[in-house]
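K.L.:
Sharing the feature lines straight out of Swiss-Prot:
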| type | residues | note |
| --- | --- | --- |
| SIGNAL | 1-21 | signal peptide |
| DISULFID | 52-66 | disulfide bond |
| DISULFID | 59-71 | disulfide bond |
| DISULFID | 65-79 | disulfide bond |
């Protein structure tokens, strides 16, 4: 019984390795180095431009700042916390 379980586990392990290798071969290793793949990764990690200014970002009015921030009334004008904590 123990031998049968060990043989079954060995066969399942071999099948896993074989299917993983076949899948890798199907995709191709050069796909990871292709310019299209690099461009898609750049697009994913590209910083998004926000419609509002973050903390200490320059502003001219309160609407320029993100939620829970307001534009400082005196020079230098930048976004500061408005002392609110609600969502």
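Yeah, the Cβs are placed from backbone N, Cα and C, and that goes for glycine too.
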K.L.:
By a simple count of other Cβ atoms within 10 Å, which of 52, 59, 65, 71, 79, the disulfide-bonded residues in the record, is least packed?
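P.N.:
Minimum Cβ neighbour count within 10 Å, taken over the disulfide-bonded residues 52, 59, 65, 71, 79, occurs at 52.
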K.L.:
Give me the CA-CA distance between residue 65 (disulfide bond) and residue 52 (disulfide bond), in Å, as a whole number.
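P.N.:
It is 5 Å, counting Cα to Cα.
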K.L.:
I need the nearest neighbour of residue 59 (disulfide bond) among the disulfide-bonded residues 52, 66, 79, using C-alpha distances.
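P.N.:
Nearest in space to residue 59 (disulfide bond), counting only the disulfide-bonded residues, is 79.
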K.L.:
Taking DSSP three-state, what's residue 59 (disulfide bond) in: helix, strand or coil?
P.N.:
coil
K.L.:
Here's one to test understanding: among the disulfide-bonded residues 52, 66, 71, whose C-alpha is closest in space to the C-alpha of residue 79 (disulfide bond)?
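P.N.:
That would be 71, the closest of 52, 66, 71 to residue 79 (disulfide bond).
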K.L.:
Measuring Cα to Cα, how many Å separate residue 71 (disulfide bond) from residue 52 (disulfide bond)?
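P.N.:
A Cα-Cα distance of 11 Å.
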K.L.:
Helix, strand or coil by DSSP: which one applies to residue 79 (disulfide bond)?
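P.N.:
The residue in question, residue 79 (disulfide bond), is strand (DSSP, three-state).
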K.L.:
Under DSSP, is residue 52 (disulfide bond) helix, strand or coil?
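P.N.:
The residue in question, residue 52 (disulfide bond), is coil (DSSP, three-state).
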